[in-house]
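This report refers to the structure that appears directly beneath it.
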């Protein structure tokens, strides 16, 4: 039995708080499921829906979606009046049809995370006279910083390149190109004969990161059923963490091999190939096809037919069905309305004016503090940090990196499950406070607790756990929520550039700063920045739990 929203079928008049929620009926085989029951109103145990029984029909009202299109039903005429101009429908779908359109784009996020995890072990292998398998293992601090942050500079360049080309390429082709950059970058890194080729390969891999991080959430959001869109986009963050953990595992397995860093980086090549072949097998986004038609890039009827075929392929539907045709028509109408009402698209300068400026301060500030509190350094240099903490053997350090990765995965799951229950601000405030404490604890370890290596491990775990319930997932959630519709595209693009730019700078600067300041003073600096970020969160970041995007714009930004 599946739930689908329906027009008014019953003569019901609701005069209570539940009249602001979805009106749906239980359907099976395109017929309304009825049960001879008495008139009643009862809550489900999860308190997210309730059943109203009237005249032998059992009807379910969902409380999950904001501002649905409710119909107030007349007792005699059956005519209704909409409470909201927007129509929200629950799409009937099979989970099996959702897996592949989510999985293949999400592999782009996994490959990004894998690079972070693999680099942790590769930096140890590359600099070892015994294990590197090269005669150019003696890197300076600047050279090591370039190797580690090379992919991030590539990601920054990829974000800049794809911005004007995204609508031309489409989400599917953008992800196919990203997989090619991933593949070429991985293979070239694995066979790099010298430092110059290695740096070029890291840059190419980074181009794949930049394109994948732009295209993957767009493809997932535009092709998945609306009622599970939030869940799937949140799970993409989990795939990044899975990639980090996989990189730690491969690093641990190959750390004692001669030239093990080549295997660590090269392992991502078959995953990139799978991503490319998978995206090739998927259809283009139906919404993108309709958008191209509205933009006048082709005949409307031709693009409508392509979009219909793409939707049927995505859902596994065959033949001529009215459901997919109706969905395409509804999407086309909503796109025409949105396109017509936003003909004067926000300029780049408008991001720095009025409500958009306030949104950029909130969203841009979060992704900036996300990076300058040391997050990329702690992850990329987890192995070397643990080595200096007393686990001198490379194998010991990489095994502990695996422990760090598992803990990161678990805490990410906690954040995904709790962010809509507890809210954004409580998780941010608690997580950032713990972040500051862990960084100060790392500084204290290097200053006067050097005889207790478990302190470094505990501080790293605390840092990772607090990051994953705060800055990790919530920064990007807030960025996706906070920008007004006029400048949302450009605002999010600017936030992505801020993120990758600050990430690359912090990663590159970590090693030279560590030599200049010493580890104890560097982590003290990161701790002080974390305290400033806590003040920023407390004073500037609003709570957006339970608010629609329109309510955020009207109640918070204005």
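Just so it is clear, glycine is given a Cβ too, placed from its N, Cα and C backbone atoms.
The domain 'Major facilitator superfamily (MFS) profile' feature in TrEMBL is assigned to 101-545.
The annotation transmembrane segment is assigned in TrEMBL to 92-116 (among others).
TrEMBL lists 136-163 (among others) with the feature transmembrane segment.
The transmembrane segment annotation in TrEMBL covers 175-193 (among others).
The transmembrane segment annotation in TrEMBL covers 199-221 (among others).
If you look up TrEMBL, you'll see 233-251 (among others) marked as transmembrane segment.
TrEMBL lists 263-282 (among others) with the feature transmembrane segment. Cβ atoms under 8 Å from those of the transmembrane segment (263-282) belong to residues 100-101, 103-105, 107-108, 110-111, 114-115, 118, 121-122, 125, 172, 175-176, 178-180, 182-183, 186-187, 189-191, 205, 208, 247, 250-251, 254, 257, 313-314 of the same chain, restricted to positions at least 6 beyond its ends.
Residues or ranges marked as transmembrane segment in TrEMBL: 427-446 (among others).
The annotation transmembrane segment is assigned in TrEMBL to 452-479 (among others).
Counting only same-chain residues 6+ beyond the ends of the transmembrane segment (491-510), those with a CB under 8 A from a CB of the stretch are 145-146, 148-149, 152-153, 155-156, 159-160, 163, 210, 213-214, 346, 348, 351, 356, 359-360, 363-364, 367-368, 370-372, 374-377, 380-381, 479-480, 483-484, 522. Here TrEMBL flags 491-510 (among others) as transmembrane segment.
The transmembrane segment feature in TrEMBL is assigned to 522-541 (among others). Counting only same-chain residues 6+ beyond the ends of the transmembrane segment (522-541), those with a CB under 8 A from a CB of the stretch are 361-362, 365-366, 369, 372-374, 377, 424-425, 428-429, 432-433, 435-436, 439-440, 442-443, 446, 478, 510, 513-514.
Below 8 A, the CB atoms of the transmembrane segment (175-193) and the transmembrane segment (427-446) form no more than two pairs separated by six or more positions in the chain, fewer than 3 in all. Confidence in the domain 'Major facilitator superfamily (MFS) profile' (101-545), given as mean pLDDT, stands at 83.
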